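Here is the structure we will look at, set down as structure tokens.
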Amino acid sequence: MQRLLFPPLRALKGRQYLPLLAPRAAPRAQCDCIRRPLRPGQYSTISEVALQSGRGTVSLPSKAAERVVGRWLLVCSGTVAGAVILGGVTRLTESGLSMVDWHLIKEMKPPTSQEEWEAEFQRYQQFPEFKILNHDMTLTEFKFIWYMEYSHRMWGRLVGLVYILPAAYFWRKGWLSRGMKGRVLALCGLVCFQGLLGWYMVKSGLEEKSDSHDIPRVSQYRLAAHLGSALVLYCASLWTSLSLLLPPHKLPETHQLLQLRRFAHGTAGLVFLTALSGAFVAGLDAGLVYNSFPKMGESWIPEDLFTFSPILRNVFENPTMVQFDHRILGITSVTAITVLYFLSRRIPLPRRTKMAAVTLLALAYTQVGLGISTLLMYVPTPLAATHQSGSLALLTGALWLMNELRRVPK
């Protein structure tokens with residue numbers, strides 16, 4: 001294989017190859033490759049591929065490993081997006097509390113016989129959701145919500161495999177640089193943390209409340225933590241993937257570009273915060289409190305914004321305040337994206353960067369339309385799930401534009 005890929009060393013003895021075969025390595029400042037001996041067939045870091053010959057080491061810069069790792073992380077971010085969307089549908093169909101225990105391996109086999117299904121249904125009947133909300137549920141209806149939660153859990157395990165197995169392979173092959181190894185370890189650790197956090201969230205909905213008539217639901221705080229960590233995992237994977245796959249633009253570091261870059265970062269943070277506030281809306285069913293727009297009922301600012309004491313509790317526990325906050329954050333986000341778009345038009349930017357700005361603007365107004373429609377139609381499941389998927393698409397657009405504007409290290 002080495003003979004096919006590279007000419008024999010005798011053929012390299014010509015005048016034009018003398019610098020390559022010189023006994024002393026070129027200074028590091030004058031070449032982009034690093035010379036060091038490797039085992040035959042082993043790749044070095046993601047920025048080089050080296051082959052060892054009998055008379056020395058020949059290192060050639062290569063982007064092949066970068067592309068492989070970048071595509072892998074792009075697939076990883078896609079699986080995380082699928083988990084977020086499936087989790088949202090599970091929440092909207094009120095299926096999240098149907099599986100009342102958690103086992104990493106044992107629960108991967110679903111019930112198959114009538115006796116197993118009856119036993120599973122009897123376990124569910126011991127918890128508040130059945131006693132208060134679903135006391136007239138049939139076994140057929142229970143199977144539907146059980147399979148919804150089962151699908152979400154199995155998808156989560158798939159996400160873990162998609163991260164961990166290729167990461168181990170790339171590590172063994174030596175395709176990860178030192179910095180990339182740290183990132184990959186952090187991503188894999190966050191995946192494992194996500195699984196534990198998901199069960200911690202579900203447990204909050206299985207506990208008996210102090211008031212026996214309280215509607216069984218998971219803690220909105222734990223739901224927001226579960227969604228937030230998933231979004232962090234998605235953003236980190238997607239950002240790293242884009243950085244590896246998309247060649248950076250060498251833009252002139254002007255004052256206008258610096259302002260645009262900072263504004264893009266702030267806008268992306270605002271989009272993230274708006275998506276996170278949606279977890280509180282879902283956790284408290286706040287989308288059903290006021291189903292009118294732009295006013296909330298008959299007024300712009302409803303009277304029941306500050307019904308809880310202390311006042312700070314209203315931000316996270318009062319459904320009216322939670323919906324109000326989500327509206328304000330959504331309007332602020334689309335306004336910031338609009339301003340960002342017009343700022344980008346004042347600077348000569350590459351075509352791909354302009355496309356990212358236009359895409360982000362289109363996604364923003366589509367998401368606003370979906371949100372208003374979901375509100376006015378009393379949160380139908382298909383539309384609400386599309387709205388949640390739109391938040392991921394909008395966050396993706398913001399990350400893409402940020403990546404296009406990133407500073408190129410000198």
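Cβ atoms here come from the backbone N, Cα and C positions, even for glycine.
Per Swiss-Prot, topological domain 'Mitochondrial matrix' is recorded for 1-67, 172-183, 248-268, 345-356, 403-410. The annotation transmembrane segment is assigned in Swiss-Prot to 68-88, 154-171, 184-204, 227-247, 269-289, 324-344, 357-377, 382-402. Annotation source Swiss-Prot lists topological domain 'Mitochondrial intermembrane' at 89-153, 205-226, 290-323, 378-381. Annotated heme o binding site per Swiss-Prot: His152, His226, in sequence order, evidence recorded as similarity to another entry. According to Swiss-Prot, the heme b binding site annotation covers His326, His387, on the basis of similarity to another entry.
Shown here: features listed in Swiss-Prot, placed on the structure.
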{"residue": "His152", "record": "heme o binding site", "contacts (Cβ under 8 Å, 6+ apart)": "Ala83, Leu86, Gly87, Thr90, Gly96"}
{"residue": "His226", "record": "heme o binding site", "contacts (Cβ under 8 Å, 6+ apart)": "Gly87, Gln194, Leu197, Gly198, Met201, Ala279"}
{"residue": "His326", "record": "heme b binding site", "contacts (Cβ under 8 Å, 6+ apart)": "Thr274, Ser277, Gly278, Phe280, Val281, Ala286"}
{"residue": "His387", "record": "heme b binding site", "contacts (Cβ under 8 Å, 6+ apart)": "Gln367, Leu370, Gly371, Ser373, Thr374"}
Three-class DSSP assignment, His152 (heme o binding site), comes back as helix
Which of 184-204, 269-289, 382-402 has the most Cβ pairs closer than 8 Å to the transmembrane segment (154-171)? 184-204
With the transmembrane segment (357-377) as the reference, find which of 68-88, 184-204, 227-247, 269-289, 324-344 contributes the most Cβ pairs under 8 Å. 324-344
Thinking of Cβ pairs under 8 Å, which stretch from 68-88, 184-204, 382-402 has the most of them with the transmembrane segment (269-289)? 382-402
If one takes Cβ-Cβ under 8 Å and requires six or more residues beyond its ends, the residues near the topological domain 'Mitochondrial intermembrane' (378-381) are 89, 92-93, 287-288, 291
Long-range Cβ neighbours of the topological domain 'Mitochondrial matrix' (345-356) (under 8 Å; 6 or more residues past either end): 246, 249, 251, 254, 256-257, 260, 397, 400-401, 404-405
What is the three-state DSSP composition of the topological domain 'Mitochondrial matrix' (345-356), stated as helix, strand and coil residue counts? 7 helix, 0 strand, 5 coil
Same-chain residues at least 6 beyond the ends of the topological domain 'Mitochondrial intermembrane' (205-226) with a Cβ under 8 Å from one of its Cβ atoms are 87, 91, 96-97, 100, 127-129, 132-133, 194, 197-198, 276, 279-280, 282-285, 316-317
